[in-house]
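S.K.: The structure follows.
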Amino acid sequence: MASAAEGDVGTATEPTRVLQWGFQELSLNNLATSLGASEQALRLIISIFLGYPLALFYRHYLFYKDSYLIHLFHTFTGLSIAYFNFGNQMYHSLLCVILQFLILRLMGRTITAVLTTFCFQMAYLLAGYYWTATGNYDIKWTMPHCVLTLKLIGLAVDYFDGGKDQSSLSSEQQKYAIRGIPSLLEVAGFSYFYGAFLVGPQFSMNHYMKLVHRKLTDKPGEIPSSTIPALKRLSLGLIYLVGYVFLSPHIPENYLLTEDYENRRFWFRCMYMLIWGKFVLYKYVTCWLVTEGVCILTGLGFNDFDENGKAKWDACANMKVWLFETTPRFTGTIASFNINTNAWVARYFFKRLKFLGNKELSQGLSLLFLALWHGLHSGYLICFQMEFLIVIVERQAASLIRDSPTLSNLASITVLQPFYYLVQQTIHWLFMGYSMTAFCLFTWDKWFKVYKSIYFLGHVFFLSLLFILPYLHKAIVPRKEKLKKME
């Protein structure tokens, strides 16, 4: 009898074992492994795409509801996304949001509140980087927290501006200044909005409140006609996602650290860096295009109408794709990439340093802030140092060509334009890849090894031009008096 019972139990439990095995096979970890990605990366992608059904729910069930319900929806969904991705570590963001609300209420519209906010939020972020840092790119709670840090600092500055006399503010500051007193629920909804919590984009509290009050629509008081524009950005994001998934196994960044790469010919090492530097940015482009689609679908992407009366949906655009793909200049790539973050730094940091009286110093400090905001690895500092250097040299070169009649005439020859474009693009993406090497490899032992293998080409090239171009400008460009005589 005992053996029969054991046999019955074994027979009964066999389907259970099969089901358990099946669920294990369907786990996110196994699915991520089969796709050649990490579980955290898969959770991130799922969370980003989850914004679309949430946006549809908002459009159909919450658009005409009271504002407090919309704030609750944004807070609950954002916290749920945070828990899905980071578990109990979601408390980091919740703690900073609550403390930021208390800073605003207790310190009011004072410079003390602004400085306290900046120091506390940046210190918390940098401490998070310090305690969680590894030598690789890991998706941790600090990833969305860096987005949140800028949001909360911007909130404090706008709240401070709201207490000033309007005539003392610039037109831009007047646009973003917060006149009312935000509630905790409003601050939480603004911070956890599901379409931007993980990877951005940045937007102001005033812009968010317009969404909640149904002002961000091309049809006043009605659900915005934004489905088609949202699907266009989603489709574009999917194209970049597919391209990245198919190309990533063939152009890995770890290959830069291998002996095989080091033993290749110099021209091959440079070309690999050029191609990899272009391709590695596609993962960022994908995320920003997909989240932009979510923002457009909710109405947050509404940016008034153009001169022809057509609605613009680029208020949350983090990418100018056509410019990104076609520009032959570094400044063009900077203008097309991570637009809202760059706009935030310009609005709340660069322009606030006007009292220094030195534009290049303000720009350098802004890039230093951006480097620290990204993380504590030396690679970030090297990347933004290269950006600063390249932009200065590019401006010098443009000035030289513009001011020299000979070079201007040479540059305007139509038949040579394709050749010029090819040369510019080659230089552009080679040294963009050079800069991204430090950004993506993080630690000095890794990026130093790669830079050494190509003889620090980027630093040598641009530092040489930095000193040579001013002398060329004096030698080639005639003085104004001579130029007038020539005319």
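The count begins at 1 with the first shown residue.
Backbone N, Cα and C define each Cβ position, glycine as well.
Below are the features I grabbed from TrEMBL:
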| type | residues | note |
| --- | --- | --- |
| TRANSMEM | 41-61 | transmembrane segment |
| TRANSMEM | 68-84 | transmembrane segment |
| TRANSMEM | 114-132 | transmembrane segment |
| TRANSMEM | 192-209 | transmembrane segment |
| TRANSMEM | 230-247 | transmembrane segment |
| TRANSMEM | 281-302 | transmembrane segment |
| TRANSMEM | 426-444 | transmembrane segment |
| TRANSMEM | 456-477 | transmembrane segment |
S.K.: Per the 3+ Cβ pairs under 8 Å rule, pairs at least 6 apart in sequence, do the transmembrane segment (41-61) and the transmembrane segment (192-209) touch?
M.R.: yes
S.K.: Any contact between the transmembrane segment (68-84) and the transmembrane segment (281-302)? By contact I mean 3+ C-beta pairs closer than 8 Å, pairs at least 6 apart along the chain.
M.R.: no
S.K.: Given a Cβ distance threshold of under 8 angstroms, which distant residues of the chain, six or more beyond its ends, lie next to the transmembrane segment (281-302)?
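M.R.: The answer is 44, 48-49, 51-52, 54-56, 58-59, 193-196, 198-201, 203, 207-208, 211, 216-218, 223-224, 226-227, 229-234, 236-238, 240-241, 243-244, 247, 311-319, 321, 324, 337-338, 436.
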